[in-house]
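Database features, via TrEMBL:
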- Asp208: active site, charge relay system (ACT_SITE)
- His245: active site, charge relay system (ACT_SITE)
- Ser416: active site, charge relay system (ACT_SITE)
- 644-653: compositional bias 'Pro residues' (COMPBIAS)
- 673-689: compositional bias 'Pro residues' (COMPBIAS)
- 690-710: compositional bias 'Low complexity' (COMPBIAS)
- 711-745: compositional bias 'Pro residues' (COMPBIAS)
- 751-785: compositional bias 'Acidic residues' (COMPBIAS)
- 786-795: compositional bias 'Pro residues' (COMPBIAS)
- 803-817: compositional bias 'Pro residues' (COMPBIAS)
- 824-843: compositional bias 'Low complexity' (COMPBIAS)
- 492-626: domain 'P/Homo B' (DOMAIN)
- 625-845: region 'Disordered' (REGION)
- 1-21: signal peptide (SIGNAL)
- 879-896: transmembrane segment (TRANSMEM)
Amino acid sequence: MIFKILITFFLYWIYLVRVRCEMKPVDFENNDYYHFHFSEDVDIEEFSRAVGLKYHMKVEYLDNQHIFFIEKGVLEDEIKEKIENYFGLEKGRNAIDGFNSDKLFYYEKQKLVKRVNRGVIRDDIYFDNEGLYNRRIVKNVVKDSTGDQAVDLREKIKKIKEELNISDPYFDKQWYLFNKDKAGVDINVTGVWLQGIKGKNVTVAIVDDGLDYTNKDLAPNYNANASYNFASKTGDPKPGPSDTHGTKCAGEVAGARNDFCGLGVAYESNISGLRFMPSARSSWLEGEALIYKYDVNHIYSCSWGPADTGNLTQDIFYTTYSAIIKGINQGRNGLGSIYVFGSGNGGYFDNCNYDGYANSPYTITIAAIDAEEKRFIFSEPCPCILASTYSGKRGAYIYTTDVGTTECSIRHTGSSASTPLAAGVIALLLSACPNLTWRDIQALIVETAVPFNPSHPDWDDLPSGRRYNNFFGYGKLDAYRMVEKARTFKTLNPQTMFSTQLIPLNKKFSENGGHITSSFYIHRGYPKHYKFKSLEYVGVSFHYQHQRRGHLEFNITSPSGVTSVLAHRRNRDKHGGSILWTFMTVKHWGESIVGNWTIDVEDKKDENLDGGVFDWQLHFFGESCESEGVPPPSYPFLSRYPTTTPPPDPDATPSPDLDANLQPDSNADSQPPLDPQPPSKPDSNPPSDPSSQQDPDTSLSSNPTSTSSSEPPPPPPPPPPPRPEPQPQPETQPETQPPQPPQPPQSETQPEPEPEPEPEPEPEPEPEPEPEPEPEPQPEPEPETQPEPQPPQPEPEPEPETQPEPQPEPPASPPKLQPEQKPTSMTSSTSTTSSSKTKISTTRKASCTITVFIGPSPTEGVSTGSSASHLSFFEKRHLLLQMILLLFFFLFLGYSF
């Protein structure tokens, strides 16, 4: 007995050292927490002493990302100044601008956040207030099966139950699995089951408020090794009595075949629980949850998101984005983790393109439809939706599990119900074809989704022969079609992406009849230069300003004439200020990118309100022409994506709106100056928002590109490229102007006080050397690709400015926004570390052969981990303590025996 007690004591002591010493309790009441992403060679102990921050923990699974804390009362500006001094950063720069440091990639003060599940429907979203989409209401076209057809369906379900030995009492009521009353109104899954495909060898993680693994329908498929409770820091994800949401979602995926409740879509798959809701948690826990055991968890089902209040613009956190990037690069042994999110429950009053989880090219967004195959009133529209699945309402709910050993639920609803159904279908697909990549899954959804309710007015016929609907995506998921298509599907080449440079606009709504339009021409040199084979996602970044951003509708039209409504008007969004935001669309999947891409931004309410568009930018995601050697997706982008020098046009045809070198159009100077003055109060979350996450709106004073701290985080910058000897240039073009950080006037770098052929002299020139080389200051524009790296200069000399920066005037006379005031390119999202292990490659050769690729390289976000030589002082101390304790433990065992 004494022997057992001593063993237990030693094991518990080791646990205390291993967990409790490293993971101190989070105390936001008395402390402020900061998240840092360093390079490997930063001495964390020395940094902690120099800045005055105490070490809290390393972010699990994310390399070189750490949490520090300090007692409340120390001003954030003081911390910022110490960080700038320690790393030698340029004063005033922030994560939006990029730190131009090869040691500090990102840092941010953390906050408590609360995500809301999407199973509770607000009462006030059931009314289409003013027909925000201007769509007529159509009657349902699905009819009940009658006569012989109804008899056949009932006979068929009996045979299915007999052949598969199904005795679950609720199976007959699970109409979305097999509908015996309305033919075809289901996910067409029984034909997959009859082939013996039921989800084996696939694990689906329910990222939610917990999972009651004691439930009789979940216990047979529960995977304890892949589960975790981020609230209690234990391996037990069991929820509280009122936290039923995650358990209901789990039953839809993996409810076992037995004599209890009903069936899950993949009823022989494994299910794990990752609990980090429902109470407010530190923001880095979200990232840890979405990458936990990514070698075991294959699919992450996420039936939650920002509050669906219709007035928020919320991107995901840096840790969350980092986790997703690492998941798609390294999860499932390099094939990529699958992340499934719902479109949201905001109805007509919201749009999922303002939700950073739904509009990511690395997630799968699913909309909700009801048993009559009509759009659920609460389901949000946006062109990021890939497909739809079913949810429940009165008379036709989703039947699933509930908290308790013998509890079942018959009232599951919301987009929370449609998301796990999609995760279950994908689990069947991976069970049948385990070598599919994360992008193969997306492509199979696009190619096999079934359009329905053909009289719905939002369906558009596409050049590819498919149809798309902003409410339904490409149609509803069909499990049988997906599995059959996957059997002959050729694995896609790796993903590639490129961005144009910023396209300056500087137009006001009041001066353009409430409509602002602009076009950019993509010539044949772009796909050839970037080895771009096939289009998948299109992103459009806008830098705009308005008194009430909810008045605006954003559209883009492709060269094929297909228009995506990126975001419709939102009546409840009364926020104003200057905004940087990137919209996404999947509607142009498979189209040619060559030709004119035209944006149209319209004030749908009052064209006379102050507001306008400063500039915009295009981003293209798609399949590469090459099957090997393509860098994997890299770290999070900010409001600006990485840009490169535009390739030459093989046809020498200038853009109808802007030429290939991105010169402002001839009308830009004739436009009245866009007033960059902010509203009286900065935009923030309304009191009704349960999350403390700030809205990423920002106000402009003398800096028209300033953003709030809730803008998306920056990519980790690479080492600055070597710069040639500076040469004076009498004439410069905007695209060769070195990008200037949006600094206050006193911190800007001014040219040396030497005679220059300046068109306008600077009011107050001040000699000040540049602290860092600029990202792309080339003395002459290159015709095709960037030059080979030159040996770095030992002491770079300051480079004289070749074009003046307009100085901000007093608020009464705001300056006109010039394109050169904004960075034309972000610091590159590449890193100095390579990651050949994370490359997704196939044996199939590419169908295109084109010259050298220029684009982002792998980042440390996809590296395989830090080496022991780069362990922090705290990690070394804990490791040493563990080794000592283990030594004593084994000595004790030897003595006992």
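Cβ from N, Cα, C; glycine included.
Where TrEMBL records a feature, it is marked here on the structure.
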residue	record	Cβ neighbours (10 Å)
Asp208	active site, charge relay system	32
His245	active site, charge relay system	26
Ser416	active site, charge relay system	28
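Note on the domain 'P/Homo B' (492-626): mean pLDDT across this stretch is 93.
For the domain 'P/Homo B' (492-626), the number of residues in each DSSP class (helix H, G, I; strand E, B; coil) is 11 helix, 77 strand, 47 coil.
You'll find the Cα of Ser416 (active site, charge relay system) roughly 8 Å from the Cα of His245 (active site, charge relay system). For the pair Asp208 (active site, charge relay system) and His245 (active site, charge relay system), the Cα-Cα distance reads 7 Å.
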